[in-house]
Amino acid sequence: MKVLIQNGHVLDPVTDRNGVYDVLVEDDKIVKVEKGITAEADKVIDAEGCYVMPGFVDLHVHFRDPGLEYKETLKTGGEAAVHGGVTTVCAMPNTKPVIDNGVKISEVQNRAKKESKTNVLQLGSVTIGQMGEDLADIKGMAREGCVGISEDGKSVMNASLYRRGMRAAKEAGMIVFAHCEDITMVEGGVMNADARAEELGLKGITNAVEDVIVARDILLAKETGVQLHLCHCSTADSVKMLREAKKDGIHVTGEVCPHHFILTSDDIISDDGNFKMNPPLRTQADVDALIEGLKDGTMDVIATDHAPHAAAEKNRSMKLASFGIVGLETSAALTYTELVDKGILTPMQMVEKMSTNPAKILGLTDKGSVSEGKTADLVIFDPRKEYEIDKNTFFSKGKNTPFHGWKVKGEVACTMVGGKVVYEGGQIID
Ligand SMILES: NC(=O)N[C@@H](CC(=O)O)C(=O)O
Ligand SMILES: [Zn+2]
Ligand SMILES: [Zn+2]
């Protein structure tokens, strides 16, 4: 099977290609990137006016499968992913049951191969059942191909136990994905601790709730030598500490989610559960620092923290709603609109943050690049399309987004996974 993508603007941080080329795909591989390819093909895609990028690699999603299928499944999450141009995801282990041993890792990964349109890398928990008491079977999970561990949803509060987890991860060649939140300091907070929270009569979460654990986890990474990835950074001091840690040669990377670099707590106009997520929306000073971090390379990755919940769990007061918002189907458009179109990041930097850097962090040498020999995970993105985000067009079961009705520029026109077109023009392709 040969697919020829013609006249698209190829963006490839690896070869530095940044211009109009044709891309020839044969079976699951990119075989040629050149101007004016004349080869016969089974399918020809006209990408004139569109960017051709390596498929996005999202280091942080929740597919809720097994056990919470009413929120999302491997199938619906996979459809949401490819609708958003995301061809590989890391799925967090806070499912029911929690993914904490090798058998559970292989069960999900095997099922995902059949049920999901996107590539799913299932992460494992740090402790059994995410209970924070005993280490999960870290070695056993690595043996089944698990690339990293995370207690996402909470932090391992016992630093000694976490340190042992990090040592085990280091030994197994795994990454630690850190959710940074000192649970003893949350004190019932549901949004950022600021004047807006007071106006809404809601309890606040201070920046230090995140920052003290970021500091601790960086120091533990320094001591253990493990590869640490900081999830959903939201504060100015997280950026500052990550910048310093990198200067010191500590193996640590950081991600930012679109909602954290776009919205502040002042955007919460009423007590609406769709604005509730962990960590919370912060202040303009934090947003500015996150954006500066994205620009100067401190923040390596844009990830979604796609966290689908049922309508009844979200359409209620922030006091009662579940934490988390969906992101897979809005992330590329929001990033393009808010960062690229406004001249903050170049289109190439968008590709670095959404594909090349996360692929590098995972050690996936066949992904994150539109160049000869790589796996044909590709996204064709039309930057001319202007529209309003409509949650009713989501393939995800989760409609919980604060961006419903937002005007954006840039639309995923086509997504290819392993050389197969899986999404095109509003349709999932079987
Ligand atoms: N981000 C969230 O607010 N919620 C996530 C957990 C997490 O990422 O910490 C979830 O699982 O719903
Ligand atoms: Zn988290
Ligand atoms: Zn998460």
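A Cβ is built for glycine as well, from the same backbone N, Cα and C atoms used for every other residue.
TrEMBL lists ASP305 with the feature active site. For ASP305 (active site), the count of additional Cβ atoms within 10 Å of its Cβ stands at 29 [all protein chains shown]. Under the DSSP three-state reduction, ASP305 (active site) is assigned to coil, being neither helix nor strand.
The Zn(2+) 1 binding site annotation in TrEMBL covers HIS60, HIS62, ASP152, ASP305.
Marked as substrate binding site by TrEMBL: HIS62, PHE63, ARG64, ASN94, ASN278, HIS309, PHE323, GLY324. When Cβ atoms from all protein chains are considered, those within 10 Å of GLY324 (substrate binding site) total 21, not counting its own.
Taking a C-beta cut-off of under 8 angstroms and a sequence separation of 6 or more, HIS232 (Zn(2+) 2 binding site) has the following same-chain neighbours: HIS60, HIS179, GLU255, VAL256, CYS257, HIS260, ASN278, PRO279, ALA303, ASP305. Sequence annotations record features per position, and here TrEMBL assigns Zn(2+) 2 binding site to ASP152, HIS179, HIS232.
What TrEMBL lists as domain 'Amidohydrolase-related' is 51-422.
ASN278 (substrate binding site) is surrounded by 22 other CB atoms, counting those within 10 A of its CB over all protein chains shown. Within the set of recorded positions ARG64, ASN94, ASP152, ASP305, GLY324, ASP152, ASP305 have a CB atom less than 6 Å from some atom of ligand 3. Summed and averaged per residue, pLDDT over the domain 'Amidohydrolase-related' (51-422) gives 98.
Scoring each of the binding-site residues (PHE63, PHE323) by how many neighbouring Cβ atoms lie within 10 Å, the top position goes to PHE63.
Between the CA atoms of ASP152 (Zn(2+) 1 binding site) and ARG64 (substrate binding site) there is a gap of 13 Å. Only ASP152, GLY324, in sequence order, out of the binding-site residues PHE63, ARG64, ASP152, GLY324 have a CB under 6 Å from ligand 1.
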